[in-house]
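As annotated by TrEMBL, DNA-binding region applies to B:133-205. Positions annotated as domain 'Response regulatory' by TrEMBL: B:14-128. Positions annotated as domain 'OmpR/PhoB-type' by TrEMBL: B:133-205. Annotated 4-aspartylphosphate per TrEMBL: B:ASP63, in sequence order.
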Amino acid sequence: MSMNQAFRRPWYIKTTNRNTTTITDPYYDVGFKKVVVAICTPFLEKNKKQAVVCGILPLNNIRNEILDIPLPYDGIAYLMDRHGKILLHPNKEQELRNSVYGLLTKERTTTVNNELNEYIFSHDHINQSNWFIIAQLNKSSVYEKINLQLIINLTIYGLSLLGFIFLNMLYTKKQNISDEKLKKTETLLNHFIDYGDRGILIADSKNKILFFNSLFTQYLRLNKLDINDTYLEATNNIFKIYDSKIHTQIYKKIAYAKHFKKSQEHSFEFIFNNETYYFEITILPVLSSDKIYQGLMILLKDATEKEKEEIYKKEQEDILFQQAKMADLGEMIAAVSHQWRQPLNSLSIMVGNLLQFRQFGRLSDEMFEENLNHCMTNIHYLADTIETFRNFYKPSKKCQKFQVDKAIDEVFYIISPHFKTLGINLEIKKDEREDMTCLNYKNEFQQIVANLMHNAKDAIIEDKSYSKTIEVEIKLLDNNFYISFKDYGCGISKKIENQLFQSFATTKKDKGTGKGLYLSKLIAKNKLMGSLSIRNYSNPTEFLIVLPSQKEENG
Amino acid sequence: MVDSKVLNKLSNIHVLIVEDDEMTAHVIHQSLNFYCKKVDIANNGIEGFELYEKNKPDVVIADINMPEMSGLEMAEALHEICPHLPIIIMTSYDSSENMLESINQGAYSYLRKPIRIEELQTALLMATKNIYNSSIKLEDDFHYDCSSKNLYDGYKLIKLTKTEKELVHLLMSNINKVVDFTTIESYVWQEKSMSIEALRMCVKK
């Protein structure tokens with residue numbers, strides 16, 4: 001193509017005129033022998049036009065691109081120039097004719113939707129050209145779809161509406177129920193405040209009394225008018241039923257309420273009409289979420305019954321201890337008298353002999369001396385015995401060092417006259433290498449041991465066929481002595497297993513008072529800081545004493 | 001106070017003391033040895049039983065609570081071989097069980113420790129009265145002297161063999177009682193077995 005020819009070409013002229021990228025109308029190119037469009041852009045250097053670069057695209061290529069655009073509602077897409085001439089159309093017959101829509105396009109450069117006859121058109125301008133892409137949709141088919149959609153939408157809407165109404169009704173009902181609940185709660189709360197078993201008073205941070213219920217005034221024997229709209233102060237005499245000492249104490253607690261982290265409970269007694277009443281006073285500081293003191297609540301509870309029960313229980317325990325003491329005393333006297341019987345017997349006969357021989361004039365100096373010496377020996381023995389017993393039964397004032405195995409031996413010695421005649425013996429098993437030294441209350445420990453031995457003896461003598469040995473095993477583990485007592489006697493019946501350590505439980509019908517194990521356990525726990533428990537109920541019957549080897553004095 | 005004249009009645013009596021407490025045994029021995037013919041001491045029931053079989057004392061004083069064999073168990077065994085033997089029980093364990101058992105075992109007396117020596121002497125005198133009150137009157141002018149173990153017809157002594165003597169003594173000691181066959185066998189014949197014929201022959205005479 002010669003340069004002259006090119007200058008006269010329509011694309012050159014058009015591009016030069018517009019001085020921007022330009023797409024030409026389609027034209028028949030003789031070189032290609034095809035309908036083509038030219039896309040040209042001017043080549044600029046230092047803002048001066050130097051040349052025009054041009055690309056030629058066969059129209060058929062574009063046709064395929066455009067006609068392949070899929071459209072719904074039986075729609076078709078075609079290309080049109082600004083004069084309304086159809087450039088490309090799926091139906092080839094329509095090409096180069098004027099489009100029915102073409103004349104209507106007034107807005108040439110923007111996307112517009114329009115309706116015409118039975119079609120809906122939508123066109124879009126292609127940049128840098130005179131071309132428009134037209135989308136033509138079949139009206140009836142569009143509306144058909146739209147109607148269906150509408151019906152579906154309407155149905156959905158209707159259902160939603162129904163649902164909404166239903167939910168709304170439900171919600172309203174729920175609201176009603178919770179309202180009712182709230183009301184009920186409020187009523188109950190009022191009932192609780194008015195008729196509960198606690199007196200309530202609420203005061204703010206400045207101790208102004210905000211609220212109190214009738215029980216509060218009733219409990220403290222006040223008139224409602226006395227404290228209405230007053231302050232929680234000592235001058236108000238709110239706690240006038242208590243004597244001044246307790247009075248001050250209560251106000252002290254109230255004053256300190258600000259510093260409390262949790263509620264404080266105290267029980268105070270007062271006497272009214274010669275009867276003693278107890279009230280549990282709970283002072284409850286009210287704090288906001290950021291722990292700032294907002295005020296306080298005082299709760300009063302009639303604890304008279306509870307308190308009296310406690311006192312009764314304490315009294316019963318005291319009686320029990322008293323009984324135990326008496327029993328101990330009786331036991332001691334029985335043991336002493338038993339221990340004394342034999343030496344007293346020989347003393348009696350010795351002295352009788354001296355007298356008789358003297359009377360018959362047959363008393364030799366030799367016999368006189370011999371008998372008196374025997375008498376002295378016996379008297380010393382009697383004195384020693386009573387000393388031993390006295391030490392055994394008196395409570396230890398403080399912890400002392402002792403050998404555990406020796407202490408058990410001593411117990412056996414004290415009760416041995418009993419045991420020897422019954423043929424019962426004691427077998428102590430221990431690790432010889434272990435140090436048996438213990439710092440604890442010796443006598444209390446020995447009393448528990450004596451009690452267990454007596455029980456074992458009673459079980460053994462039930463029948464002659466039982467083994468007559470009481471087995472004691474001592475083990476030292478982590479600063480605790482574990483001392484087990486085993487006997488193969490009659491055992492403990494199932495019936496009383498559960499109440500073995502309770503007061504007044506006994507296996508021995510009329511013989512036992514049922515305090516032995518109860519008190520032993522109490523002593524083991526409270527005084528020795530150890531424990532007493534049963535390991536096995538029969539064959540062998542086994543009890544276990546845990547004895548701390550170093551009892552802390554202040555414990 | 002028991003008079004020495006009364007105590008002299010015990011001069012023909014042989015006593016066995018069964019007591020585990022040495023001092024007690026010693027002082028009782030000291031007292032009894034003064035007026036009795038002989039006093040033996042045993043320390044427990046088994047020893048007591050053996051000593052009885054060996055020495056055949058007239059009376060036994062026994063404690064109840066002793067090792068090996070109690071006084072009551074021993075009394076039961078002794079009464080099996082010699083039903084008429086007087087046994088005096090002493091105890092420091094005064095319980096109704098002990099007392100009841102003493103009665104059941106036919107104890108002659110029951111003494112609570114500490115005992116007074118006079119009490120023991122009295123019991124001893126009463127227990128052995130059949131022995132020193134020797135003469136037992138029988139039918140047809142017959143009488144029996146227990147201490148010498150002789151049988152008289154009027155003033156005439158009836159001569160008896162050793163076995164006959166033992167048999168008569170046994171029967172006289174248990175006068176007004178029935179003596180069973182085994183008792184006769186063990187007392188009169190002792191270890192030798194006795195045939196019923198031998199007994200018949202003996203009785204016929």
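Glycine is treated like the rest: Cβ placed from N, Cα and C.
All annotation found in TrEMBL is predicted automatically rather than curated by experts.
Fair warning: this is a prediction, and the values are worked out from it, not measured in the lab.
Within the model, the domain 'OmpR/PhoB-type' (B:133-205) shows a mean pLDDT value of 68, rounded to a whole number. Sequence-distant contacts of B:ASP63 (4-aspartylphosphate), defined as residues of its own chain at least six apart whose C-beta falls under 8 angstroms from its C-beta, comprise B:VAL18, B:GLU19, B:ASP20, B:ASP21, B:THR24, B:GLY71, B:ILE89, B:MET90, B:THR91, B:SER92. Secondary structure at B:ASP63 (4-aspartylphosphate), as computed by DSSP, is strand.
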